[in-house]
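**Student:** Quick one: the structure is below, and I'll ask about it shortly.
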Amino acid sequence: MVVKDMPLHENLNMDNRRGNAVPAGPTGTVAGTTTTFSRTGRRYTLSLTTAVLLVSFFLCTLLAVGFIVYNFATCAQLTAAPGEDIVCTSVSLRHNKTVHPAGDGRPKYDRDVRLPRSIKPLKYNITLVPHLSGNFSFEGSVQIQLRVLEECYNITMHAEELNITKSDVAVYRVLENDDVDLNNALRIHKQYLVGAKQFFVIQLYDKLVRGAQYVVHLKFSGIIQDYLQGFYRSSYEVLNETRWLASTQFQATDARRAFPCFDEPALKANFTLHIARPRNMTAISNMPIVSTNNHDTLPNYVWDHFAESLPMSTYLVAYAISDFTHISSGNFSVWARADAIKSAEYALSVGPKILQFLQDFFDVPFPLPKIDMIALPEFQAGAMENWGLITFRETSMLYEQGVATASNKQRVASVVGHELAHQWFGNLVTPSWWSDIWLNEGFASYMEYLTADSIAPEWKLLDQFVVNELQNVFQVDALSSSHKISFEVFNPQEISEIFDRISYAKGSTIIRMMAHFLTNAVFRRGLSKYLREMAYGAAAQDDLWRFLTNEAKASGLLDRNTSVKEIMDTWTLQTGYPVVKISRHPNTNAVRLEQARFVYANSTKEDESLLWWIPITFTTAAELNFKNTRPTTWIPRTKIYELENRNLSTAKWFIFNIQQTGYYRVNYDLDNWRAVTEHLMDPAHYDDIAPANRAQLIDDVMNLARGSYLSYENALNVTRYLAYETDPVPWKAAITNFNFIDSMFVNSGDYDLLKNYLLKLLEKVYAEVGFEDLQSESEDMLLLFKRSEILNMACHLGHQQCISESSRHFQNWVQSPNPDANNPIGPNLRGIVYCSAIQYGTEYEWDFAFERYLKTNVVAEKELLLSALGCSKEPWILYRYLRRAVAGQHVRKQDVFRVFAAVANSVVGQQIAFDFIRSNWQDINTYMGSQISNIHTLLKFATKRMNTKFQLVEFEQFVRDAHWDYDRPIQQIVEQVDIGVDWMNRNYKSIVKWLQREAAETKAI
């Protein structure tokens, strides 16, 4: 699944639905009995004590009834027929961990939420009747065939926010001839819920026999919810008419919200679906439709019967019911709104090519008979890899030349590659448990770069990887509150939290490192054997290590005493990453390499026990070989390593970690830093160093200064060479690092010093990119990316020509006869022009842009406008914007994050965003679906620029007032703000001094 398009966070938690609590365990049984009260004509005389007791009892009863009515509201939406017992599984305890005040009596999560190992599901046969009008209900039935692995009395499965009809629950034995003995149902003793575990338990009188097979029959009903998880509804407008559709999002633990099931990734089974739909709509699922027939009782409905699936996990089951249209190429189809289907042509053009590339790369054929991809108007993540039916947010699948930006085009190619890679890594072979979800997401995130590079090598995506993924995740992995990549998780809240940058970006980065030190050929052979032998099963990381080790040893890459597991466990089972300090030994041929965990100042003390196996590559000023990424040597798990190499010891300068293929930072002695800086400052020779390594030098040196490993004087001296730099990859690294300093300086009296220095660095590259958008397919994609980055930075810094050009373009749009149909601004300039015009404009520009947002039907344009509307300098406009975002009228729930990020990132918006969240967090929480991770994400935006002790105290007080636990997201926010405070104390004055000296030298010249 792709979540990186979302604020990182990012994730998958869904609605608490008011925390409809049901007592756990056998005491939670819904009895279905009735007690009748009668009255007579007798007269009673009560004592005062008795009267008080009766009144107290009456009041308590009223409170209890009120509590039950409130907490079982979801069940009340579906009324039981006379004589039926309904088990309401709407316990929704998944978010109680943090959204409820401490001490309110609500149960905390049970950390042990794994199903018993006594039963394995084999097949599901599911019928489903959704109603896309009225109360948006659905009803269905499921027959689950299972095998008993250990004798037991209980059949324990998952069910959440479902109403299960107890009288229709039945269990039958499967006979030796595979017939089901329907005449002899097993006697059921109890049916009950274990609310904190989201379990539904059928307890039998007689033991289930080990090795035997049984079939469980259940009927259920529920609501097609609106909170983008489980089986949910969304809508879009056509000529002021609302069109509804329903679709699924089950990863990680939400299949249980659509049908009772064994909702764990290792418990694979075959699925057969039968979906009833209105005649004017279409149903699609993982497998093709094999037949369609009329519904017996609903005259406007038909049944679609789907082929049986291959063995797969519950979280990969998917279906969608809509009035969408589609276009196809062979067995590959894309679906979208009728007025957006043209924008799906690009995805259809690249999808089959990427699929073929992956079949060739893995040497494993795609096993399903078809692939459908559908662009949904509301979708929480970027996309989801359901086997054979991939679901997308519209901006992740739709692209049209002349309408969307170049980055939209790359995004579509990358996300399609990511999700298709999952068809092997995740779907064909699935992690045994969510602790190894990084195997899914890390591989898909790495493969998206290879797949996109295979269809568009001119984008230089393998260089982009360094700045987009590796350097990006370095930031969060330098915090003491980071976590191991293979991280033990238990309950749904913890599971949702590991869909983060560590699993995605760090996962992809260490896989890339492994591909380089194993070599591409050995890496691919190992993957192929792993996928073939583990197909349709579940695996842990050790399974992958075993296959790769066998191939590496067979090829002579590893000696018999070393394994891939020994190496890679140091990267997956330890938090963080190393910095390698490299220094020459005077008068010897040795170079000293010393490793330690990299942390930011004031983050955490060095843990001496954290040591890694580190692949070492290097080149020198004489060699300038930036292509050979196979390790020259390794630092074993030792603190200090002496490398004997005369070429190194005598070199004018050297650079370690070629192409930054290793997941570590490099620090040098001051002599080497000075020599490298001197080479970079030569306009004729700075590009002797490869672009990825120039980006590495910038990112390493700036973060080494940020972490107090060396001075900012040395770091800023390196950045002076950027006055000559024209490649987008080093510039991306520079802009990212200067954005941090900008966020620290923006409210200071010395901000002009920083602005002037950066504007000076931009002069050459700004002149090169120009303020134009040719909207031509032949225009260099890297130039488009670079232009966007450079102009965005220039306008932010107040570059006068950038601001005036933005204003001119925007006014041309305002004055066009039909601005909704005729936008004269090129797509690749729109985000920059919109933001600058609104930032330096008035309420008029803001209102004009908001009106265009409301009227456009192009999702890429909507995203650009939503981000730009947060650029205003007027506090009251920004506050009004935040209020509108959570009012439920103009902004889709999936886009609320974008609004808050835009406001918090504006010049004046950070404090406004924080104050708004502090004052309205409960309302926001209710609107967004009572998932505390949403508030965490919004708070990450709102605290990004905090760097004073007062702001830290203010934030911590807010957390205490809200009665939240100090879980990992809160810890990370506190740590980030604390680092900002410490950074200002350590570095602000020295940076100002350097900037003053640089300004004086420039003026003198």
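Glycine is treated like the rest: Cβ placed from N, Cα and C.
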**Student:** May I ask you to find which of E400, E441 TrEMBL records for the Zn(2+) site already listed with H418, H422?
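**Tutor:** That Zn(2+) site, as TrEMBL gives it, pairs H418, H422 with E441.
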**Student:** Tell me the Cβ neighbour count for E441 (Zn(2+) binding site), meaning other Cβ atoms within 10 Å of its Cβ, over all protein chains shown.
**Tutor:** 29
**Student:** Taking the Cβ of E419 (active site, proton acceptor) as the centre, how many other Cβ atoms fall within a 10 Å radius?
**Tutor:** 29
**Student:** CB neighbours of H422 (Zn(2+) binding site) within 10 A?
**Tutor:** 27
**Student:** Roughly where does the domain 'ERAP1-like C-terminal' (653-977) sit in mean pLDDT, to the nearest integer?
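**Tutor:** 91, rounded to a whole number.
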**Student:** Count the other Cβ atoms sitting within 10 Å of the Cβ of H418 (Zn(2+) binding site), across every protein chain shown.
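**Tutor:** I count 30 other Cβ atoms within 10 Å of it.
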**Student:** Could you name the residues, excluding H418, H422, E441, of the same chain that surround the Zn(2+) site, i.e. Cβ within 8 Å of the Cβ centre of those residues, in sequence order?
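**Tutor:** What remains near the Cβ centre is M1, V2, E385, E419, A421, F425, G426, N440, F443, A444, S445, M447, E448.
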**Student:** In whole Å, how far is Y504 (site 'Transition state stabilizer') from E419 (active site, proton acceptor) when you measure between their Cα atoms?
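**Tutor:** About 13 Å separate the Cα atoms of these two residues.
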